[in-house]
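Enquirer: Here it is, the structure in full.
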Amino acid sequence: MPDWVLAIILGVVEGLTEFIPVSSTGHILLLGHFLGFHSTGKVFEVMIQLGAILAVISVYFGRLWSVATHLHTDPAARRFVASIVLAFLPAGFAGFLLHDYIKAVLFETPAVICVSLILGGFALLAVDRIQREPVYTDAGAFPLKTAFIIGLFQCLALIPGVSRSGATVAGALLMRCDKRSAAEFSFFLAMPTMAGAFTVDLAKNYKLLSADDAGIIALGFVCALVAAIITVRKVVDFVGRHGFAPFAWWRIAVGALGLLGLAFIG
């Protein structure tokens, strides 16, 4: 299969899965393993994530701009920013310290990804079925303690296959946030988290950048951006109607198929 076709596939998969609780990293790594995509290696995976980051900024630009311009006068805007920063810190700190181990060991073990997808799917099913009356319905007004605990849950996503979105959504639901606000807070938290991961990965892999790969990277980036914009615009309403169970079953199916593929194909 030509590299440009694989770049389109991986870019679309990145965009579609980054902001739903199915683990974009798990999907990208498994696809890369089975499809044999090695043209740009780690650099490609890093660069297409930037497309997903820009998608959130694009969709929520008006809201983010309002927060930024009222930061000096509006206590609610300052608390929202503080909640995102506080939620980011645990995974940001742990990810920085464990980056090399995670990339060298966990990211190179497809079986770990498959098992994480399956276990995370069952965990998401359990959390989704908890019938507790939501206390918090506005992602911009979560208490700081709630935001920090959601951030602790995000640390679980350092294990590939767990899903950053899945971990933060599960944490938010357990803290009695409603499903729509849990999804939105996960979007906002994704921006500093993914930007931090992007910066660290790029700093460690920039020497691998090559002008020969620019076209493939650009193609994957654009596909990820467009797919992520569509996903971010649709997923909150979908979650409000259907909950997170469809994503949980998808995770379980992908993880099981991945294990079968590893057993019979390698």
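Placed from the backbone N, Cα and C atoms, the Cβ positions cover glycine too.
Here's the feature list from Swiss-Prot:
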{"type": "TRANSMEM", "residues": "4-24", "note": "transmembrane segment"}
{"type": "TRANSMEM", "residues": "41-61", "note": "transmembrane segment"}
{"type": "TRANSMEM", "residues": "80-100", "note": "transmembrane segment"}
{"type": "TRANSMEM", "residues": "105-125", "note": "transmembrane segment"}
{"type": "TRANSMEM", "residues": "139-159", "note": "transmembrane segment"}
{"type": "TRANSMEM", "residues": "182-202", "note": "transmembrane segment"}
{"type": "TRANSMEM", "residues": "212-232", "note": "transmembrane segment"}
{"type": "TRANSMEM", "residues": "245-265", "note": "transmembrane segment"}
Enquirer: Among 4-24, 182-202, 245-265, which stretch has the highest count of C-beta pairs below 8 Å with the transmembrane segment (105-125)?
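Expert: Of the candidates 4-24, 182-202, 245-265, 245-265 scores highest.
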Enquirer: Go through 4-24, 80-100, 182-202, 212-232, 245-265 and flag the stretch with the largest number of C-beta pairs under 8 Å relative to the transmembrane segment (41-61).
Expert: 212-232
Enquirer: Of the listed stretches (4-24, 139-159, 182-202), which one yields the highest count of Cβ-Cβ distances below 8 Å with the transmembrane segment (212-232)?
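Expert: Per the Cβ under 8 Å count, 4-24.
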